[in-house]
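Input: a single structure, listed below in structure tokens.
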Amino acid sequence: MKTTGGTDAQKRRAAEAAVEAVEDGTVVGLGTGSTTAFAIRAIGDLVADGLDVRGVPTSFASRELARECDIPVVDLDEVDAVDLAIDGADQVATTDGALVKGGGAAHAREKMVDAFADRFLVVADPSKTAETLSRPVPIEVLPSARTTVAASVSDLGGEATLRRAERKDGPVVTDNGNLVLDCEFGAIADPESLAADLASLPGAVEHGIFVGLADAVYVGTDDGVEVDEF
Ligand SMILES: O=C(CO)[C@H](O)[C@H](O)COP(=O)(O)O
């Protein structure tokens, strides 16, 4: 499910440009994925130079990396505000900054942190951008809801596939102990409407469509960074 079309240099450029927005004394949401990992490492470098920040990780993996980088970490329920969140995406709509996320199965916690943040910056490479979202939409589901949610997805015109683990027999289990259905809808003409439909399914914990949340998208290219504000 991971999308790895961009180069590390592109990802790093986007991440390091976004990290320039991190201010002293703030709480920063730490997204998940290979692009955000560059941002977490860059924040770690600033912490080593004396920057005072606390990070709110969105996954086991981002928590581990933040700790490795000596970034003090706190849970979302321990802070009154998240000043800035930096997170990656599997696909970014260039028109309005709508996203498909969840390639790392972390979208439930990512959505909580990204939505709560005063400002949410997306970091991406050019392989992620599109005029219309069309990537399969991950839905985190309670284990016993996987067949009922899959049937509802089919009623909505999609096709759900249980995400399987690459290095173990069986399904991917999220950090929250749930399963993930990757749901193919083809081109998504109205992400807001599909998001509302998916949010209403009993047993669906969270889906990977992020509408109206991104404040800016940083796209790292081979020779710079393009920034779109929304
Ligand atoms: O949504 C995500 C994890 O749930 C990631 O942000 C998304 O998959 C992008 O990852 P990468 O930067 O490795 O391509």
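Numbers here mean position along the shown chain, with the first residue as 1.
For all residues, glycine too, the Cβ spot is worked out from N, Cα and C.
Remember, TrEMBL labels are computer predictions, not curated facts.
Since the structure is predicted, the reported quantities are computational estimates derived from the model, not experimental observations.
Per TrEMBL, the features are as follows:
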- Thr32, Gly33, Ser34, Thr35, Asp87, Gly88, Ala89, Asp90, Lys101, Gly102, Gly103, Gly104, Lys128: substrate binding site (BINDING)
- Glu110: active site, proton acceptor (ACT_SITE)
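Overlay of TrEMBL feature records on the structure.
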residue	record	DSSP (3 states)
Thr32	substrate binding site	coil
Asp87	substrate binding site	strand
Lys101	substrate binding site	coil
Glu110	active site, proton acceptor	helix
Lys128	substrate binding site	helix
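Checked against ligand 1, the binding-site residues Thr32, Ser34, Lys101, Gly103, Lys128 give Thr32, Ser34, Lys101, Gly103 as the ones with a Cβ under 6 Å from it, listed in sequence order. Cα of Gly103 (substrate binding site) to Cα of Glu110 (active site, proton acceptor): a distance of 11 Å. Taking the C-alpha positions, the distance from Thr32 (substrate binding site) to Glu110 (active site, proton acceptor) comes to 8 Å. In sequence order, Leu99, Val100, Lys101, Val122, Ala124, Lys128, Phe210 are the residues of the chain that are 6 or more apart from Ala89 (substrate binding site) and have a CB within less than 8 Å of its CB. Among the binding-site residues Lys101, Lys128, the residue whose Cβ has the fewest other Cβ atoms within 10 Å is Lys128.
Distance between Cα atoms for the residue listed as 'active site, proton acceptor' and Asp87 (substrate binding site): 8 Å, as a whole number.
Taking a C-beta cut-off of under 8 Å and a sequence gap of six or more, Asp87 (substrate binding site) has these contacts in its own chain: Gly29, Gly31, Thr32, Gly33, Thr36, Thr58, Lys101, Glu110, Val113, Asp114, Phe120, Leu121, Val122, Val123. Residues listed for substrate, Thr32, Gly33, Ser34, Thr35, Asp87, Gly88, Ala89, Asp90, Lys101, Gly102, Gly103, Gly104, Lys128, cover a largest CA to CA span of 15 Å.
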